[in-house]
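Listed in TrEMBL for this protein:
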- 696-754: domain 'CBS' (DOMAIN)
- 81-102: transmembrane segment (TRANSMEM)
- 130-151: transmembrane segment (TRANSMEM)
- 181-198: transmembrane segment (TRANSMEM)
- 242-264: transmembrane segment (TRANSMEM)
- 276-299: transmembrane segment (TRANSMEM)
- 329-349: transmembrane segment (TRANSMEM)
- 369-388: transmembrane segment (TRANSMEM)
- 442-461: transmembrane segment (TRANSMEM)
- 467-489: transmembrane segment (TRANSMEM)
- 501-525: transmembrane segment (TRANSMEM)
- 531-552: transmembrane segment (TRANSMEM)
Amino acid sequence: QLTPSSFLRIGQLSNVDLNEDIHELETELPRQHPNEIPHNEKLLSLKYESLDYDNSENQLFLEEERRINHTAFRTVEIKRWVICGMIGILTGLVACFIDIVVENLAGLKYRVVKDNIDKFTAKGGLSFSLLLWATLNASVVMVGSVIVAFIEPVAAGSGIPQIKCYLNGVKIPHVVRLKTLVIKVCGVILSVVGGLAVGKEGPMIHSGAVIAAGISQGRSTSLKRDFKIFEYFRRDTEKRDFVSAGAAAGVSAAFGAPVGGVLFSLEEGASFWNQFLTWRIFFASMISTFTLNSVLSVYHGNAWDLSSPGLINFGRFDSEKMGYTIQEIPIFIFMGVVGGILGALFNALNYWLTMFRIRYIHRPCLQVVEAMLVAAVTATVGFVMIYCSRDCQPIQGSSVAYPLQLFCADGEYNSMATAFFNTPEKSVVNLFHDPPGSYNPMTLGMFTLMYFFLACWTYGLTVSAGVFIPSLLIGAAWGRLFGISLSYLTKGSIWADPGKYALMGAAAQLGGIVRMTLSLTVIMMEATGNVTYGFPIMLVLMTAKIVGDYFVEGLYDMHIQLQSVPFLHWEAPVTSHSLTAREVMSTPVTCLRRIERVGTVVDILSDTSSNHNGFPVVESNPDTTQVAGLRGLILRSQLIVLLKHKVFVERANLSLVQRRLKLKDFRDAYPRFPPIQSIHVSQDERECMIDLSEFMNPSPYTVPQEASLPRVFKLFRALGLRHLVVVDNRNEVVGMVTRKDLARYRLGKEGLEELSLAQT
């Protein structure tokens, strides 16, 4: 459906044809597609930068580290622990805030609608109730969508793909800002109260990460305040480690699963890992669960009882009543297969939907309209399903929060309403724990079908919302259906308890959609509070992942790929041994001499066509017979700080006399270094010389140009590098490997594919 010319046909990044291509585009596009953005998932975007995870060990850094004695190192270590504790406490408090507000607002909404329905059931005219419900939903969601679409678009979705990218080492703009946190929290409250098929668990992970980034820097750029604390941690290395702790604290607040949180951080995120970090992250997770417990217990009025671990609590599963036997293992594996197939279907549908959204629904007003439409449709579907359902259950002995009577006899309630007329978390718990016979198979079947499409349509809207709970709910519904049909087949034998199958179905569906194995097993075990199910849950999740991966990749990886992020997986593509560093690297490299003219530096930095961020420094001998060997590497951000503080001398042989820069000057400019355009350099200053030797990193990592791609990839990925210099046997710079050069190669259906790079 797209003309070939509207794709950016860019091979190796040669500046000439690139600019021609873009000019062609500008002339052609407005005539053909006025309201369509061409989008090709086989592109890598150049707007994403890497994080400098690797410390620049220049002379300033080494001098400062040598000055720090043992006690100072101990205080730094104590500060790290304090920060992790604060991350845990604050994440727990944010989770409490979301939970309490959602509970009260949703309760208010359901009470209003329920009274209205009860009133109109008696005297006819139920269409008013439908209008009321749909309008309430749409208006609440409208507010939630407007703040996301117009104020902070990064807060849309669950935020897990963005945090995954950040921990992978990609700098996604605005992802850990205070503004994002505020919009995220308000947005998720509004979208859950607005009755969309979403959960509040995914955004908790993003919120935890933002809190971690904010606390560890000791200042806020959104508030323009600097609290002058924790200045030692103002660099990407430390910030990224704290963000992984924040993500773990978010998981443990959401599910009451501290160990699951640590494993989530390990599995999904952090590229670089050590034992100290694990222990600190576990501490943060534990503190966050504990905070959530204490506050919610006080709120519910039993102050000394710490029994509500997470935002979603699956309730206790009794081992006696719910044990499993050996003949059920094949049944569980079969459920895993079903979950994998359904998950792959969900992801494929969502993929096409997202492609459509990127191409056509890219204006904020359209996005808000779409969100309102989904909210109204969700309410309508729920209402029609409840209206048409004739499944009545006796009201005594059941724990329904808002029993709707509708056309049932007195003392009975409509059981379809327990699924639709409730927040998704409560519905999941009901499906797990309601006694056998609470649900009609027809009800469950219809519910699964409708909710599947609703959840699929909702994920990727411009509202903050997670996909965890909807997938658990879909899985629990078809799992319970499966259990009911099993007990029909076995004439009601004791082991076919529908609740147990609801749990397995939930695990299978969630595993089939997000494809996490290790952390998900532990999260499910901790949330049910029962180790007995560890083995079957693991089997189900593994089967679901294997089956699903055969068809299409996981939901989060798919969204990362659709945003054209240069994401590096754990290993290089399997068939890439034939490629060497010489074929992968980008050339030619812009090098700087060790003592360089200021004018040259300014010109190189202002050159928009080559927007590089790291420059190899070579020996600056005027004698050309010598080899210009590699001496070090200097970053764009460092050069900008040098120019801003005007660290240069008039002639090459003058020694530097003015005040020396400290490492603090570089930290104060982090993370938003000013652009080169904002720095004014006069004509006289352009003729001065600048000496880079004490600011450059004198020992950058290098590889010889014969190294194979997997070897280069391993070095790059394990050390979290941003630039890797390629040298020949005389130590001359021949090329540079950056993240984009490695992420371009991906395993496709036909083997190794190379993605092209686009400027957008």
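Our numbering is plain: 1 for the first residue shown, then up by one each step along the chain.
Glycine too: its Cβ is placed from the backbone N, Cα and C atoms.
A TrEMBL annotation is a machine prediction, not a hand-curated record.
Residues of the domain 'CBS' (696-754) grouped by DSSP class, helix first, strand second and coil last, total 16 helix, 22 strand, 21 coil. Sequence-remote contacts of a segment are chain residues at least 6 beyond its ends whose Cβ falls under 8 Å from one of its Cβ atoms, and for the transmembrane segment (81-102) they are 181, 185, 188-189, 192-193, 200, 204, 207-208, 211-212, 215-216, 230, 233, 242, 245-246, 249-250, 253-254, 280-281, 283-292, 295-296, 299, 311, 423. Counting Cβ pairs under 8 Å to the transmembrane segment (369-388), the stretch among 130-151, 181-198, 329-349, 442-461, 501-525 with the most such contacts is 130-151.
For the transmembrane segment (467-489), same-chain residues at least 6 beyond its ends with a Cβ under 8 Å from one of its own Cβ atoms are 158, 197-202, 254, 312, 331, 335, 338-339, 342-343, 346, 419, 424-425, 427-428, 431-432, 436, 439, 441, 444-445, 447-448, 451-452, 454-455, 458-459, 496-510, 513-514, 555. When Cβ-Cβ distances under 8 Å to the transmembrane segment (181-198) are tallied for each of 242-264, 329-349, 442-461, 501-525, the top count falls to 442-461.
Below 8 angstroms of C-beta separation, residues 83-84, 87-88, 91-92, 94-95, 163, 166-167, 176, 200-202, 204-213, 215-216, 233, 270, 277-278, 280-282, 284-289, 291-293, 308-313, 468, 516, 518-520, 522-523, 525-527 of the same chain, each at least six residues beyond the ends of the transmembrane segment (242-264), sit close to that stretch. Within its own chain, the transmembrane segment (501-525) is flanked in space by residues 251, 255, 257, 259-261, 263-264, 266-268, 314, 317, 332, 335-336, 338-344, 346-347, 428, 431-432, 467-468, 471-480, 482-483, 486, 531, 533-534, 536-538, 540-545, 547-549, 553-557, which lie at least six positions past its ends and keep a Cβ under 8 Å from the stretch.
Counting only same-chain residues 6+ beyond the ends of the transmembrane segment (442-461), those with a CB under 8 A from a CB of the stretch are 145, 156-158, 196-198, 342, 346, 349-350, 353-354, 357, 367, 370-371, 374, 377-378, 381, 385, 389, 391, 415-416, 419-420, 467, 470-471, 473-474, 477-478, 480-481, 484, 555, 559.
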